[in-house]
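K.L.:
Quick one: this structure, given as structure tokens, is what I'll be asking you about.
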Amino acid sequence: MFKKYFKTALRNLLRNRTFSVINVTGLAFALAAFWLIMLFVADELSYDRYHAKSDRIFRLVSHGKWDGGSFDITGTSGPMAAALKKDYPEIEATVRLDPTAGGLITYAQKHLRADDVFFADSNFFSVFSFPFLAGDPYSALLKPQSIVLTRKMAVRLFGTVDAALNKIVYFQNKQPEQVTGVVEDVPENSHFTFSAIRSFPADFNPDWSNFYLYTYGVLRDKKEGAALQEKLPGFVKKYLYSKGLDIKYDLELQPLTSIHLHSNVGYELGANRSMKFIYIFCIVALLILSVAVINYINITTARASVRLREIAVRKVIGSGRKDLVCLFLAESVTITIGATLLSALLAGAFMPVFNQLAGKSLQFWHFGPLQTVAALLLFAAVLGATGGLYPALFLSGFKPVPALKNQIGKQPLQALFRKTLVVFQFTITVVMIVATLVVYCQLRYMTHKDLGFDKNQVLTFRSDDENMRLKSKEFRNSLLADSRIEEVAFSGSPIGNNNIGMGSFNVETEDGAIDQNMTLAYGLAIDEHYIPTMRIRLLQGRNFNEAMLTDSNTLLVNAAFVKKTGWKNAIGKGIQMGRDASGKPVVKRIIGVTSDFHTYSLQHKIEPLVMHLPAGANEKTNVYVRVSRQDIAATTGFIGNVFRKFDAISPFEYNFLDRNFRKQYQSEEKQGKVLLLFTIVTIGIACLGLLGLITFTTAQRVKEIGIRKVLGASGIGLVRLLSTGLLKLVIIALVIAIPVAWLVMNKWLGDFAYRVHIRWWMFMVSGGVAFVIAGVTLSFQTIKAAIANPAKALRSE
Amino acid sequence: MIKITNLEKIYRTEEVETVALNDLSFQVKEGEFVAVMGPSGCGKSTLLNILGLLDDPDAGSFLFNGVEVAKFNERKRADMRKKNIGFVFQSFNLIDELTVFENVELPLMYAGVKKSERKARVDEVLEKVQIMHRRNHFPQQLSGGQQQRVAVARAVVNKPKLILADEPTGNLDSSNGNEVMQMLTDLNEAGTTIVMVTHSEHDARYSHRIIRMLDGHTVTENILV
Ligand SMILES: Nc1ncnc2c1ncn2[C@@H]1O[C@H](COP(=O)(O)OP(=O)(O)OP(=O)(O)O)[C@@H](O)[C@H]1O
Ligand SMILES: [Mg+2]
């Protein structure tokens with residue numbers, strides 16, 4: 001019996017090819033998109049779960065608050081780890097990571113720069129699970145000056161994993177470290193990654209007031225987390241307030257597995273994502289799938305007229321409603337299984353593109369071939385049964401007598417239902433088009449917005465060698481000897497790729513006194529060439545002049561700083577910058593005000609900024625070189641040669657400043673591209689469905705059209721007759737979609753400090769696209785129907 | 001076998017009410033062959049649909065084998081129908097997607113007959129209506145007469161006690177028509193009760209008794225035998 005249903009179903013589907021092709025392709029594309037998104041989501045949810053103790057590991061983060069300022073950072077102070085373990089028996093272990101361990105690694109003649117290196121406590125590898133290829137997890141970091149490399153790092157330095165063990169490498173050319181282990185590379189689904197872990201130096205002794213270490217811990221029982229969080233204020237009181245900390249300070253316990261999707265504080269170790277993004281992705285997946293399922297429902301019920309007689313005859317000769325429902329369900333399940341098989345091929349084919357867009361390395365068979373096939377088939381069956389249920393009940397419900405005469409009867413409810421579904425599809429389509437437009441406009445805005453300085457044609461690199469920093473003047477002159485080099489400048493912090501450090505200052509008020517309240521501002525060390533090199537506008541006063549020795553006691557501030565303090569005239573105002581050796585406060589005077597410029601991406605507001613001359617050569621760590629437009633490759637070659645004359649060891653690794661800034665938008669760019677891809681898929685599927693629907697509703701009206709023509713209706717009149725209904729639906733969809741899209745996209749834009757506004761033309765474009773889609777799809781069938789020979793249509797009865 | 005009393009059927013549309021059957025009463029005994037005649041629109045098809053349990057009357061009683069079925073629900077009617085009644089239509093009503101064999105097999109499947117037995121029974125009736133050589137063809141590949149023979153085969157394959165035929169020869173030429181009438185006669189002689197609607201006096205002469213209808217009730221009954 002079962003086989004029989006499927007045989008009949010298959011034959012029905014083969015006979016009605018248009019119908020089947022539309023349904024199968026639409027569903028297949030939707031399912032392919034669905035699989036891809038599900039794999040993506042599964043990967044996002046799998047972050048950090050590979051550690052054996054993942055459900056018991058937590059991270060501590062800091063929240064500080066005081067009058068006029070606050071911070072939320074990953075940084076914790078060094079002694080916390082030991083104190084926590086001592087005070088709270090529910091903590092099995094604590095481990096600290098220090099992110100300042102990176103730099104130049106040297107083995108024999110090989111020099112590599114590695115920034116993703118951490119110092120860590122010796123129990124690092126018993127808290128986190130990284131499989132050892134050589135060495136022993138428990139003893140590898142016991143001695144100072146030990147280093148554990150990842151496979152990739154070991155191969156880069158030594159050629160093979162085996163060759164690495166017990167070798168000595170040097171950091172910054174002077175600190176020897178012995179390789180005590182090699183671990184597998186860190187999986188991609190980790191919230192932090194490293195190429196090496198070093199043991200802490202023997203003299204490592206951080207104090208309570210310095211919040212820059214990462215502290216992790218392991219609970220004995222994962223259920224203890226909430227209770228422990230309750231006890232932390234007591235901990236802060238005991239160890240921090242007692243030591244004179246005078247801000248409101250809280251420690252937060254973050255479960256390891258929630259960091260990637262839920263944590264968003266300063267100094268995160270990797271690009272976390274937000275759970276919001278995962279929800280959006282899931283919703284998009286469901287929407288695409290529903291568009292395809294709606295196609296099936298709509299086309300199948302619209303086709304009822306064609307199948308009416310078959311249904312009636314089956315009933316007359318004894319078929320119960322149950323048999324008919326089974327038959328129709330068999331048809332829909334057959335279709336979804338066909339679509340599922342096709343979707344697996346499609347998903348496989350699109351996987352590389354999708355991976356590239358989303359920045360992942362997902363694999364279709366991630367869950368194993370057998371599980372995947374079983375899951376796919378099960379899903380297909382469930383989808384077929386649910387998607388097919390309504391059409392099956394609808395079709396099997398016809399009364400046999402009128403059906404025998406091919407009288408479908410008036411189906412006002414059914415027609416309304418179908419229209420609602422079409423409106424729903426169009427609404428989804430329009431919202432997705434608006435969303436894509438907004439994302440693209442925002443991306444364009446971010447990559448083209450004036451940052452307050454000229455980011456183009458600027459090459460930037462680090463100078464690691466102390467000798468080179470000391471000879472910065474000579475280095476600069478050697479570069480400027482070439483006419484293609486326009487300017488060279490040095491600064492303390494790199495801009496464009498991270499937060500530059502914040503400090504708090506006491507500033508002079510209008511009446512000349514020093515304000516006891518702190519003013520929070522970024523601080524940046526720049527030399528006298530920085531302002532001209534970056535083409536930052538000076539609004540007032542003058543630039544630094546290193547020839548004037550007194551300029552080491554002067555400052556530049558940006559316009560935001562002046563605005564915050566409320567000064568009428570900033571020039572000459574003093575800012576207290578710490579205390580000198582004798583304990584006397586050091587007050588520096590402002591000599592100039594620059595216009596505001598971005599030091600980080602547009603997600604961040606421009607904050608008050610204080611600029612001072614580098615205190616010594618060691619603050620000249622970043623070099624900025626403005627080059628002319630011609631022959632950039634040769635110019636960078638030249639810069640490299642000069643660099644090597646001053647520093648023969650460090651590799652010359654440079655970046656273009658505009659690209660550094662652009663990299664901050666990578667995740668938005670990926671979102672944009674992925675969204676575009678799925679919007680196109682959705683539009684395609686909606687078009688297919690519409691085409692199918694129109695094909696069958698027009699077929700239903702063939703006779704009517706024939707009669708109208710015989711009576712003298714014009715082609716245009718018929719096209720209008722057949723189109724108005726659908727166009728009305730598109731308008732309704734627009735009316736619904738506009739506010740929805742506006743709400744959703746404003747929410748998305750809320751994450752950006754600098755953003756585009758949603759404009760009317762975006763809705764017009766989306767509406768236009770929807771109309772064009774509907775129009776083109778309609779024209780296929782209506783024009784065909786309108787120009788067909790009426791005699792033929794009438795004879796077919 | 002059939003006893004209807006004071007049967008009434010009214011079609012209501014928005015503007016008009018059509019009384020299709022009006023206070024109609026008659027009986028059909030087991031083994032009878034009855035022809036129903038009358039002008040177009042007098043309610044013959046309506047009557048047949050009610051007799052075949054495809055439709056229910058608005059008033060009156062319908063005893064089928066002594067059971068009151070006038071108020072049966074859809075499921076019970078379907079069940080009764082598939083066990084007892086076979087249909088033959090003027091426009092054949094074969095399912096285009098199924099082969100000759102499968103069309104005939106369908107009632108047996110719905111009745112839950114085992115596969116091996118189904119094959120034997122279908123082959124047997126196809127043999128009887130001389131369409132065996134076309135068993136794997138689809139309906140459109142057959143002539144009208146052949147299609148009606150398949151429809152008859154399908155109506156009888158489940159050995160129904162009653163066959164209802166609505167103008168079975170209406171779409172056929174006279175020789176094909178005679179063939180179908182002969183088949184019905186043979187079936188009747190083998191014990192099946194037949195009620196047939198027809199416009200043709202010639203065909204009516206194959207029956208035992210003619211019920212003549214006008215405006216929804218019987219006017220005369222001619223006993224032919
Ligand atoms: N579904 C319906 N809705 C409304 N009126 C109907 C319907 N079906 C039949 N009628 C009306 O009921 C009356 C009887 O119709 P019926 O089909 O039984 O006639 P008939 O005797 O079979 O005619 P013919 O010989 O033309 O087939 C007619 O007046 C017809 O218009
Ligand atoms: Mg009739």
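Even glycines carry a Cβ here, placed using N, Cα and C.
What TrEMBL records for this protein is below:
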DOMAIN    A:20-231  domain 'MacB-like periplasmic core'
DOMAIN    A:283-397  domain 'ABC3 transporter permease C-terminal'
DOMAIN    A:677-789  domain 'ABC3 transporter permease C-terminal'
TRANSMEM  A:21-42  transmembrane segment
TRANSMEM  A:277-299  transmembrane segment
TRANSMEM  A:324-353  transmembrane segment
TRANSMEM  A:373-395  transmembrane segment
TRANSMEM  A:416-440  transmembrane segment
TRANSMEM  A:674-696  transmembrane segment
TRANSMEM  A:717-740  transmembrane segment
TRANSMEM  A:760-780  transmembrane segment
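A description of the local structural setting of each listed feature is requested, covering burial, neighbours and distances.
P.N.:
Confidence in the domain 'MacB-like periplasmic core' (A:20-231), given as mean pLDDT, stands at 92.
For the domain 'ABC3 transporter permease C-terminal' (A:283-397), DSSP puts the residue distribution at 99 helix, 0 strand, 16 coil.
If you look at the transmembrane segment (A:21-42), the same-chain residues 6 or more away from its ends with a CB under 8 A from one of its CBs are 278, 281-282, 284-285, 288-289, 291-293, 295-296, 299, 335-336, 338-340, 342-344, 346-347, 350-351, 354, 358, 360, 362-364, 366, 678, 681, 684-685, 688-689, 691-692.
With a threshold of 8 Å between CB atoms, the same-chain residues lying at least 6 positions outside the transmembrane segment (A:277-299) that come near it are 19, 22-23, 26-27, 29-31, 33-34, 37-38, 40-41, 44-45, 261, 332, 335, 383, 386-388, 390-391, 418, 421-422, 424-425, 428-429, 432, 671, 675, 678, 681-682, 685-686, 688-689, 692-693, 696.
Beyond its flanks by at least six residues, the transmembrane segment (A:416-440) meets 284, 287, 290-291, 294-295, 297-298, 301-302, 668, 671-672, 675-676, 678-679, 682-683, 686, 689-690, 693, 726, 729-730, 732-734, 736-738, 740-742, 744-745, 748-749, 756, 758, 762-763, 765-767, 769-770, 773-774 of its own chain at Cβ-Cβ distances under 8 Å.
Below 8 angstroms of C-beta separation, residues 419, 422-427, 429-431, 434, 690, 694, 698, 701, 705, 708-709, 763, 766-767, 770-771, 774-775, 778-779, 781-783, 785-786 of the same chain, each at least six residues beyond the ends of the transmembrane segment (A:717-740), sit close to that stretch.
For the transmembrane segment (A:760-780), the list of distant contacts is 426, 429-430, 433-434, 437-438, 441, 683, 686-687, 690-691, 694, 719, 722-723, 726-727, 730, 733-734, 737-738, 741: same-chain residues at least six beyond its ends, Cβ to Cβ under 8 Å.
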K.L.:
State the residues, same chain only, that lie 6 or more residues beyond the ends of the transmembrane segment (A:373-395) and have a CB under 8 A from a CB inside it; answer 'none' if no residue qualifies.
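P.N.:
That would be 289, 293, 296-297, 300-301, 304, 307, 311, 324-325, 328-329, 331-337, 339-340, 344, 367, 414.
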